[in-house]
Structures are given as C-alpha cells and as structure tokens.
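As structure tokens, the structure follows; a few thoughts come after it.
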Amino acid sequence: MTAPLSVFVTGTDTEIGKTFVSAAMLHGFARHGLRAAALKPVAAGAYERDGVWRNEDADQLDAAANVALPPELRTPFLLKAPAAPHIVAAQEGVTLDLDTIVACHREALTRADVVVVEGVGGFRVPLNDTQDTADLAVALGLPVVLVVGVRLGCISHALLTADAIRQRGLTLAGWVANHVDPAMSFADENVATIRDWLAREHRAPLIGRIAHMTPAAPESAAAMLDIAALVESLRTARR
C-alpha cells in the first residue's frame, strides 16, 4: 500500500490566495484519482450558523476536498476574531499547541491519499510566545508549496520566504503564481524572475500560474496546476 502524501501550503503574505490555491490543489488531486483531505489547523475569524462556529476558509477547503474530515479534526483551533492568531488565542484563553495539530494530521493521513495542510498568514506567523507557523511546518515534517501573490514586491517576498523555508531544513516542493493584482505592470517578467531564481537556488518548480479570477473559482483554477508534477515532487521529497 502506497504511503499517503501531504503538503504544507504557505504564502508570501496574508490575503494572497492560500485558501484559493489549496482548494484548487484539492480539486486537482481528486481529478488525479486521489482521496484528498484538508487541514486548516489554525483559523482566525469565525461566524456562527445554526449554533455552530465556522470559518470561511475551512468551508472552502471542505467544498473542494473529496474526503470530509470532522471539523474538530480539520480545524482543531478555531478562533473567533479575524486577527493575528497568537493575539486572539491569548484573548480567548486558547493555547495553540503543536502536538495537538500533529496528532490531527496523523489521524488525517489514515483517511486520505493526500492531505493538504494550509498554514495561516505567511511562513512566520507567531502561534504563541515561542513558536510560529514555521515551527508547525517543521513539527509536521512536510514539504512546502509556496503561494506567491503576484503584485508589486512579490519577487523579494518570494525569495525571502523560500530562504526561510530552507533555513528550517524543509523542502520547497514547488510554488504557485497567483495573480492577485490584474493591473500589475510587468507581471510576466516578475513571474519569470521568480521562476528562474527559485529553480536555480532551490530546485523548486513552478507548479502553476493562476490568472486573476472574479469570483474565485478553485475548480477552474485546478486546470492551471500541474498536479502530476506536484505529486512527483511530493513523492521525491518523501524519499
């Protein structure tokens, strides 16, 4: 029996489409014949429906996955206020514990062929006084896919984040260019620069380039991703 795959999805910043790209990846994995599940271990920003607290990002992931996980497994830490998680957690009396997340991930791997773990914010977002999302990626021991929001400043943000991923001893399995600013000048040149630098310095392939979409359509975006290349990269990283 083939061991399950898993990937940690991070971004160059907040609001650059991590959830959108994660959902597109889930659709792509499903089309590839894989049972795909999602974890959003820490979510900040909740709304109540029928007496149940929910999160919009987690809802999007649930809609894209073809393996449904119980909410308490998919998102063990659901914070109500939409702000920096360590600040909200302290206000709400919640301790964001990495061991709990690792245990949830371990259980998710028993239920799916591939588990997409979406981080929160950028690569180094504090979770408590001493640990951040980079520590979470290390604790999970996962290869990373970097979502680059293609807008002014994205080259530096992409290269700095890639370096931070490597400094933690993690593999950058690939990256996705997500065009968040449809009016950006020299978008093609920016993407080409990032592609060349990440290939040379990290051997990280461009998994896909997603055009600006209004409204966002993860199922359509899945066709813009090279899922076969991503699966191979994840398998190589696991060896």
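Backbone N, Cα and C atoms are what each Cβ position is placed from, and that goes for glycine too.
Since this is a predicted model, take the numbers as computed values, not measurements.
According to Swiss-Prot, THR19, GLU118 bind Mg(2+); the candidate from ASP57, ASP59, ASP62, ASP163 that the record adds to this site is ASP57. Of all the binding-site residues listed here (GLY17, THR19, ASP57, GLU118, GLY121), GLU118 has the Cα closest to the Cα of LYS40 (active site). Neighbour counts of Cβ atoms within 10 Å were taken for the binding-site residues GLU15, ASP57, GLU118; the minimum is at GLU15. Sorted by the number of other CB atoms within 10 A, the recorded positions LYS40, HIS179 start with HIS179, the lowest. Sorted by the number of other CB atoms within 10 A, the binding-site residues GLY17, GLY119, GLY121 start with GLY121, the lowest.
The record gives THR19, ASP57, GLU118 for Mg(2+). Within 8 Å of the mean position of their Cβ atoms, the other Cβ atoms in that chain belong to VAL9, LYS18, PHE20, SER22, ALA23, LYS40, ALA43, ALA58, GLN60, LEU61.
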